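*Asks:* Below are the structure tokens for one structure; questions will follow.
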Amino acid sequence: MFKFNDEKGQLKCSFCGKTQDQVRKLVAGPGVYICDECIELCTEIVEEELGTEEEVEFQEVPKPHEIREILDDYVIGQDLAKKSLSVAVYNHYKRINSMSKSEEVELSKSNICMIGPTGSGKTLLAQTLARILNVPFAIADATSLTEAGYVGEDVENILLKLIQAADYDVEKAEKGIIYIDEIDKVARKSENPSITRDVSGEGVQQALLKILEGTTASVPPQGGRKHPHQEFIQIDTTNILFICGGAFDGIEQIIKRRLGKKVIGFGSEVKQDELKPGEYLSKVLPEDLLRFGLIPEFIGRLPVISSLQPLDEEALIEILTKPKNALVKQYKKLLELDDVNLEFTDEALREIARKAIERKTGARGLRSIIEGLTLDVMFDLPARDDVETCIIHDKCVTEGEPPILKMKDGSEVAMTKPEPKESA
């Protein structure tokens, strides 16, 4: 039987027989020891056998047209954004595949910056992309990040979320997608560099630079702050696709000032470009982001800039009815489980869209409006068995009138709210 101790009482590796003095580390198991050299050798053997299988995962990246078609199933409008995202994502994973081959041309990484008002579909686009590609996906909020050494989250915690989404499979996480929301909130507070330290603005941008470009980062497995006596997870960010999104409130004014008044020809009149509100975002350039407060190095690591337009009335109506996860379909299904049909008139849908535009909440505000309209319906109808159909019309939205109920006996009545009981 193999001895785990030599004559001097030193521990030995159960595989190669080297003592603890001859190796860097011995890992103990129940009645067995293995050294770091044997671990490395075993890893190489396993990688050689399984490596070819792992490479197949990304051999068939969907073509840009295919990515765009799937995005159309979930996201309404934003055609230009979907087109640029499809190309950027396709090129990113094509680049990963090409890295395994020895080629003279080195392809650089193309992270994405999405600019658009709240509720325009930035997060949904990123989530749908991850679903299409079947890769780990994590969402991080830039507002909670601070420079290392200050109260708040370190930028490495973003990577931890991705590792957790990949069930701690680091190799899988290294080909994932990270969406950093509210990136505009880490803009420099003023255009001129300040002598005071900006730990939640420019400091965060500086901390994100290396991760965005590609580095081997040390991530604390439990999150939180680093301390020298803990083990770290090493993750290479070279092949992680970063998508940064934000509303960038006020950038339209910067673009307007840059476009300014243009003179065409000699002696011609000064002419002002007339664009509709929201169209200015499509004219955004890196210099506008610089004036907004992003540092040049940070802008340089986000080469693909994609702008999303504010959603108009027609787009919001389509969002309510067309996608696979459309809100109207969801609420119809919920009442269908109680054997009641739910219907929204075309005028009601239009008024819901108008209300969302008034509130300036975009698609995100649609759910709260419908929730308010259907609260009494969802509360009362499950207890009744005489109702066949519930119709929500435009007056329900504009004047707060009750929905119309079609009864099983063929009659139609307005839904009545139960009278509150008088307190004794």
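Heads up, the Cβ atoms here are built off N, Cα and C, so glycines get one too.
Residues annotated as domain 'ClpX-type ZB' in Swiss-Prot, with sequence analysis given as evidence: 1-54. Among the features that Swiss-Prot reports, Zn(2+) binding site is placed at CYS13, CYS16, CYS35, CYS38. Marked as ATP binding site by Swiss-Prot: PRO117, THR118, GLY119, SER120, GLY121, LYS122, THR123, LEU124.
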*Asks:* Fewest other Cβ atoms within 10 Å: which of the binding-site residues PRO117, GLY119, GLY121 wins that one? Let me know.
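*Replies:* Output over binding-site residues PRO117, GLY119, GLY121: least Cβ neighbours within 10 Å is PRO117.
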*Asks:* Cα-Cα separation of THR123 (ATP binding site) and CYS38 (Zn(2+) binding site), in Å?
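*Replies:* Just about 45 Å between their Cα atoms.
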*Asks:* Using the Cβ centroid of CYS13, CYS16, CYS35, CYS38 as the reference point for the Zn(2+) site, which residues of the same chain not in that list have Cβ within 8 Å?
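*Replies:* Going along the sequence, the neighbours come out as SER14, PHE15, GLY17, LYS18, VAL23, LEU26, TYR33, ILE34, ASP36, GLU37, ILE39.
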*Asks:* Measuring Cα to Cα, tell me the gap between CYS38 (Zn(2+) binding site) and GLY119 (ATP binding site) in whole angstrom.
*Replies:* 53
*Asks:* Return the single residue from the binding-site residues list (CYS13, CYS16, CYS38, LEU124) that has the minimum number of other CB atoms within 10 Å.
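*Replies:* Each of the binding-site residues CYS13, CYS16, CYS38, LEU124 was scored by Cβ atoms within 10 Å; lowest is CYS16.
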*Asks:* Drop a 10 Å sphere on every Cβ of the binding-site residues THR118, SER120 and tell me which sphere holds the fewest other Cβ atoms.
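*Replies:* If we count Cβ atoms within 10 Å for the binding-site residues THR118, SER120, the smallest count is at THR118.
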*Asks:* Using CYS35 (Zn(2+) binding site) as the reference point, find which of the binding-site residues GLY119, SER120, GLY121 has the shortest Cα-to-Cα distance to it.
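*Replies:* That would be GLY121, the closest of GLY119, SER120, GLY121 to CYS35 (Zn(2+) binding site).
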*Asks:* Let me check the 10 A CB neighbour count of THR123 (ATP binding site). How many other CB atoms are there?
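*Replies:* Result for THR123 (ATP binding site): 16 neighbouring Cβ atoms inside 10 Å.
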